[in-house]
Amino acid sequence: MSHTPKSAGSSHAPVNSQTALVIGAIGVVFGDIGTSPLYTLKEAFSPHYGLTPDHDTVLGILSLVFWALMLVVTLKYVTAIMRADNDGEGGIMALTALAQRTLPGGSRSMYVVGILGIFGASLFFGDGVITPAISVLSAVEGLEVAAPKLEPFVVPITLVVLSMLFLAQRFGTERVGKAFGPITLLWFFALGAIGVYNMARAPEVLHALNPWWGVRFFAQHNWHAVFVLGAVVLAVTGGEALYADMGHFGAKAIRRSWQFVVLPMLTLTYLGQGALVLRNPAAVSNPFYEAVPEWALYPMIVLATAATVIASQALITGAYSVASQAMQLGYIPRMHIRHTSHSTIGQIYVPAVNWCLLALVAVAVIGFGDSASLATAYGVSVTGTMLITTVLMIIYARANPRVPAPLLWLFALVFLAVDCAFFYANIIKFLDGAWFPLLLGLILFTLMRTWRRGRKLLHDEIRKDGIKLDTFLPGLMLAPPVRVPGTAVFLTADPMVVPHALMHNLKHNKVLHERNVFLTVETLQVPYAAAGKRLKIDAIGDEFYRVHVRFGFMETPDVPLALMRSCDQGGIYFDPMDTTYFASRETIVASANRGMPIWRDKLFALMHRNAAPATGFFRIPGNRLVELGAQVEI
């Protein structure tokens with residue numbers, strides 16, 4: 001995903017800029033929800049739910065789909081949740097930070113909100129595995145309609161398409177990304193045209209817009225109707241992307257895209273599929289492709305495959321973005337991040353995330369085999385994330401004096417009921433496939449919690465055994481070691497304690513540099529650090545300095561650049577060719593008698609050993625770096 005400056009999404013942006021943002025948003029934000037028509041109605045009438053495609057049932061399902069789009073996407077996300085932005089950024093991590101700000105620091109409620117945010121992000125990655133698999137598989141399954149003899153080749157073709165997609169990530173998407181918007185726009189207009197084509201033959205399908213048919217469906221099917229919501233929710237998968245990508249395109253462009261293009265075209269295509277089923281109930285086997293005129297079938301398969309690849313690309317890029325934020329906020333180990341664009345901020349490639357996603361997507365395609373089986377696994381991660389988002393929004397809005405209490409209660413009652421119903425409808429499919437994304441989410445949640453807890457234990461252990469800087473320096477200056485020319489920068493997590501690297505340097509080299517800097521890097525709970533608050537320099541005597549550098553969680557930390565700019569703010573001048581960076585690299589020793597169970601200690605030690613060095617993460621040049629080892633028991 002490319003990062004668009006916030007001003008681009010403002011009401012004062014030029015018309016051409018707004019149009020470009022709208023088209024860009026259609027290509028990136030709405031790819032997931034735009035490919036849902038490939039499988040939603042097909043899944044609703046699958047044998048799994050035992051529904052007969054008669055007149056009342058078809059209108060009932062269509063009514064539920066339409067009003068799910070209106071309630072969940074239009075009212076919840078577009079109208080309400082997109083108002084909660086963290087300096088223009090959206091997404092579950094940003095909302096977690098907003099909700100935590102309304103709570104007392106260090107309180108149990110703040111801790112619980114953090115846990116909710118981590119679990120929501122974990123479910124997002126589970127969604128990131130299922131979405132490419134089900135989307136591309138559904139598109140390629142059109143070959144079964146066009147040429148049934150090609151059925152055995154559907155899975156291999158899907159794997160080839162997905163492999164090419166993931167292999168191409170390392171080259172970036174800046175060039176081809178410009179075509180995403182127009183292609184997806186063409187896709188939506190094709191959906192609308194096919195919908196109108198079929199509606200003209202059964203205009204009575206328009207009755208489904210009346211919510212009475214949805215209510216009637218519940219009255220006729222009782223609790224079984226709740227079970228069917230597991231298929232209806234497939235129509236709103238991708239709704240979370242509207243909020244997550246708000247910082248890239250601006251709320252205005254996303255709202256316009258939804259109101260004037262995406263919602264109308266989705267409504268037309270679902271009604272068109274319903275009209276076809278009313279005329280030909282046998283078409284429920286694959287209502288999307290059965291609704292396409294025979295002459296347009298192969299072009300539609302190609303367009304659908306392109307649309308699903310674009311939807312998958314948007315989600316993959318989103319996974320990189322969330323991973324980068326999680327690294328910055330200290331929830332997962334540092335990984336190598338490669339910037340794939342010289343001109344566009346936010347175009348990144350994270351190899352570890354890419355290859356993990358490819359392996360898991362391939363497992364999903366091979367293990368489930370078809371889109372119908374994958375659909376049973378799909379909804380639980382999406383609905384879990386939607387439910388957590390609602391809870392976080394309620395916590396945040398509760399502290400906002402501009403939100404009237406009756407309105408907040410209404411929001412809470414309506415959307416907690418809707419989200420809980422959708423989540424329940426999917427969680428009861430646990431043995432049918434819902435276990436897969438939940439297992440992925442649980443594994444990632446465990447990794448994130450272990451890393452977070454392990455880092456705290458490591459920090460506490462270093463601080464416990466450390467020497468206070470304020471008492472160490474006066475003693476050192478009583479018998480000062482030999483001073484050598486240049487500047488030494490010691491990276492430390494705790495600015496009040498003597499860094500291990502300094503102790504080792506004195507012990508083995510017996511020298512001090514002319515100027516010594518104790519550098520602490522902090523990631524803020526906002527996307528971008530304010531220019532005036534990025535750097536703080538305290539002189540503590542005898543050419544020793546305590547420097548605090550702050551970055552937002554959406555920024556790429558560049559420590560040398562931040563230090564070089566210090567003189568612009570009246571600070572000291574750093575000559576990059578005269579500066580040596582010192583860092584300690586801890587070796588973790590697991591202990592059964594400390595803070596975590598031994599298996600989590602060993603897991604943390606493994607993660608720590610394989611994490612990318614902080615020096616590379618902070619853009620510190622290798623030829624100016626000295627790393628010194630230290631063994632720490634946790």
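Glycine is treated like the rest: Cβ placed from N, Cα and C.
Over in Swiss-Prot, the protein carries these features:
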TRANSMEM  21-41  transmembrane segment
TRANSMEM  58-78  transmembrane segment
TRANSMEM  110-130  transmembrane segment
TRANSMEM  147-167  transmembrane segment
TRANSMEM  179-199  transmembrane segment
TRANSMEM  223-243  transmembrane segment
TRANSMEM  258-278  transmembrane segment
TRANSMEM  296-316  transmembrane segment
TRANSMEM  348-368  transmembrane segment
TRANSMEM  377-397  transmembrane segment
TRANSMEM  403-423  transmembrane segment
TRANSMEM  427-447  transmembrane segment
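Residues 48, 118-119, 121-123, 125-127, 129-130, 227, 230, 332, 360, 364, 367-368, 373-374, 376-381, 384, 603, 607 of the same chain, all 6+ positions outside the transmembrane segment (427-447), place their C-beta atoms under 8 angstroms from a C-beta of that stretch. When each of the listed stretches 21-41, 110-130, 147-167, 258-278, 296-316 is scored by C-beta pairs under 8 angstroms to the transmembrane segment (223-243), 21-41 comes out highest.
Just going by CB pairs under 8 A, the stretch in 58-78, 110-130, 296-316, 377-397 that sits most against the transmembrane segment (179-199) is 296-316. Sequence-distant contacts of the transmembrane segment (147-167) (same chain, at least 6 residues past either end, Cβ-Cβ under 8 Å): 132-133, 136-137, 140-141, 305, 309, 312-313, 316, 354-355, 357-358, 361-362, 365-366, 369-370. Packing against the transmembrane segment (403-423) from elsewhere in the chain are residues 71-72, 76, 80, 226, 229-230, 232-233, 379-380, 383-384, 386-387, 390-391, 393-394, 397: each is 6 or more residues past its ends and has a CB under 8 Å from a CB in it.
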